[in-house]
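Shown next, in structure tokens, is the structure this report addresses.
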Amino acid sequence: MLHEGAHGKWTISSSDESAEENSDSEKPSTSSLSDAARGRTSEPQYPCSEARKAAYKRKASPLKLTDESVSTEIPPAVKQRTSQEGLGWCLSSSDEEPEDQQKHTPKETVKEEKYDAPKEQPLNLCKDDKLLENLKAEEHNDIPSEAQDTWDLLNGGNPFRFFLTKVSGIEPSYNSGALHIKDILSPLFGTLISSAQFNYCIDVGWLVRQYPQEFRKKPLLIVHGEKRESKAELLAQARPYENISFCQAKLDIAFGTHHTKMMLLLYEEGLRVVIHTSNLIAEDWHQKTQGIWLSPLYPRLPKGTTGSAGESETNFKSDLISYLMAYNSPILKEWIDLIQEHDLSETRVYLLGSTPGRYQGSDKEKWGHLRLRKLLKEHALSIPAQESWPLVGQFSSIGSMGADGSKWLCSEFQESLVAAGRSVTPFLKCDVPFHLVYPTVNNVRQSLEGYPAGGSLPYSIQTAQKQLWLHSYFHKWSAEVSGRTRAIPHIKTYMRLSPDFQKIAWFLVTSANLSKAAWGALEKNGSQLMIRSYELGVLFLPSAFGLDKGYFHAGGRKLPESKDSYFPVPYDLPPEQYGSKDQPWIWNIPYTDAPDTHGNMWVPS
């Protein structure tokens, strides 16, 4: 069947719906350890999405335009099992799944586990020599900053404490002020006692190598959402490391994921919190645009301090503790107690999280987009002629939005994003301009990684062809201001700007993509909010930075002297709308009409 929209044509199968259409996030796959033991070389050694597996395969076995043996037909969609039983991953996304599917999904309780299996040689899951060389080269290219540069980052020049990750292959000046994971874990940031890593896709061996040699045997807790086969793979990766323990986040609602990306770093000198957008795998820290919020170093409170001591004006401390308590995990109680013992009063951002559940009453405003609505109503100033102030959303994956904008995007979600002060004026039918930034096929083709960059943009044809109306909101990725136009974004940001794009009412960096699973969807005539996934981000509001005008100035890399009022947006404003020939990147269809920057084509199968 040929479907034509405002921004391109797709030929799709007319067969039954695939479960893939319900995925808005990078779901872990179910490749088994036995397959890996037999020497499969076309898949990564860590659980990850089908899109990333395809990208990994293309890196290992590039396809040239002259390769006539490769079929470029789109494989017909096949009907997937509707139950999650036996799967090692949870799909994410929309509220279109049958209710009975959720009822029969087996519940998993939170498990705290120390892997103490007999010592074995780690499985060699990646035997392809050329691929190993490429991965090693990538790892070596991502060297940490010079010590003086890192020290300068810690001691001024960035009042917002918002950073981008370093990108290999761009002009070095654009990496000034950027961080690699090795910088974050550097002894310059503190003398590490122990750490906790919350994440979605994790390569344990790679993660351990990012710690300095002297910290690699310090206690490390990994908080994850893996189940069954992919959980077994994760535990197997940790066999050589006696210092690593695990906490499995419970995911009781179907299609949810543990998508949060956070580090808790306990030092002899204090505590630090890092909230970011990168998976714990090499490629996410190599040539992608990623965001980081790095907290100040929080000192210990005097012994005997009780009550709300060490709280910030943004209630960051209590909100972080509430988020950790939502895991209902005894092993996280230790970290909750540690946070209680530290002074977080210097924090100037608001925490914005999502945790799986169905919430009613006042609990509805604790998480997801209703949490954002509450924060904006309480702490953002009302904007004159606010219906003319556009919204910008930028993300790397898209869930099912429904048949039109009124189903979610331009109703409940937009109402949360346009909240300001105590105003309760609803803006329906997309009265407020909404600019959605998502990479085009050409963005991916011309990127530093080439077509494999599309592996981290898991928007499927099955979802896209059902919401062609959404594509009229799409705008291209362009980041000349930060030198990252060719570094495909995995960062997720949302903000509200003045009509001339010079003022910012608020800015959010988060793990949450554009999906109901991440942000939540109202049920039961609006009396209940249902969220499927764990997400975490930080909200920047002018009032928390002492700005009584109600806005930041939109600043690039070169800022005026009054840096506190200029927020460094990492991409170009205003974003440029898709042209008539532009198409959004869709990972599971072939692109063979033009080679990428490495002379290769893309056939995902």
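Any Cβ shown, glycine's included, is placed from N, Cα and C.
TrEMBL lists 1-117 with the feature region 'Disordered'.
What TrEMBL records for 100-117 is compositional bias 'Basic and acidic residues'.
According to TrEMBL, the active site, nucleophile annotation covers His259.
Feature annotation from TrEMBL assigns substrate binding site to Lys261, Lys492. Neighbour density for Lys492 (substrate binding site): within 10 A of its CB lie 24 other CB atoms from the protein chains shown.
Taken from TrEMBL, the feature active site, proton donor/acceptor covers His490. In sequence order, Thr277, Ser278, Asn279, Asp284, Lys288, Thr289, Gln290, Ser396, Ser456 are the residues near His490 (active site, proton donor/acceptor), counting only same-chain partners six or more apart with C-beta under 8 A.
Under the heading site 'Interaction with DNA', TrEMBL lists Ser515.
With all protein chains in the displayed structure included, the most crowded Cβ environment within 10 Å among the recorded positions His259, Lys261 is that of His259. For the pair His259 (active site, nucleophile) and Lys492 (substrate binding site), the C-alpha distance works out to 12 angstrom. Here the CA atom of Ser515 (site 'Interaction with DNA') lies 17 Å from the CA atom of Lys261 (substrate binding site).
Taking only the Cα positions, the spacing between Lys492 (substrate binding site) and Ser515 (site 'Interaction with DNA') is 12 angstrom.
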